[in-house]
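Notes to accompany the following structure.
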Amino acid sequence: MIEHNPTTIYGTTIVTVRKDGKVVIAGDGQVSLGNTVMKGNARKVRRIGKGNVIAGFAGATADAFTLLERLEAKLEQYPDQLMRASVELAKDWRTDRYLRKLEAMMLVADSKVTLALTGTGDVLEPEQGVMAIGSGGNYALAAARALIETDKSAEEIARKAMNIAADICIYTNHNIIVESLDAQ
């Protein structure tokens, strides 16, 4: 668990759902500084690389942007190899003194694979095609898992999971951004 520092910008919820030939990453737009909402429409889910990878990040905002930039550099080194780029980033994350102190996590996906890159330098694949991170991640994960076996689409599941998380988590709002890709 990340220790809360009231002078650090925290909070968000990111969820990913892979179902029926689609992969979706959704995130909210709230940025909090301590117990104050600083911004309600931040964009924490975006396309990276050549537009064939989607990423969502949670944690300390500056740290998350640093990791996002590092992942983009790895994707330039290893184009169309998200798994390899992520593993190489994780190696750097574990060995670089500066990167080891970063307090952020990312969910990334391309047409083939969905991964979580954790603050400890781990690269994890989701079970059941669903994964969530951030302050409301457990709520979004539970909601998405409950809905994955229904006839709802990946995007519908992600949006519903995000709305449930936003109803419960004070660091998550209802300004939801969704990015999707066709999946194999």
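Just so you know, glycine gets a Cβ as well, placed from its N, Cα and C.
Copied over from Swiss-Prot, here are the features:
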- T12: active site (ACT_SITE)
- A166, C169, T172: Na(+) binding site (BINDING)
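Here the features listed in Swiss-Prot are painted onto the structure.
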{"residue": "T12", "record": "active site", "DSSP (3 states)": "coil"}
{"residue": "A166", "record": "Na(+) binding site", "DSSP (3 states)": "helix"}
{"residue": "T172", "record": "Na(+) binding site", "DSSP (3 states)": "coil"}
Pairwise CA distance, T172 (Na(+) binding site) versus T12 (active site), rounded so that it is a whole Å: 5
8 Å Cβ shell about A166, C169, T172 centroid, Na(+) site members excluded: T13, D28, Q30, S135, G136, Y139, M162, A165, D167, I168, I170, Y171, N173, H174
Distance, C169 (Na(+) binding site) to the residue listed as 'active site' (CA atoms, angstrom): 9
Surrounding CB atoms that lie within 10 Å of the CB of T172 (Na(+) binding site), all protein chains: 30
Under 8 Å by Cβ from A166 (Na(+) binding site), same chain, sequence gap 6 or more: T13, D28, G136, T172, N173, H174, I176
Cβ neighbours within the same chain of C169 (Na(+) binding site) - under 8 Å, at least six residues apart: G11, T13, S135, G136, Y139
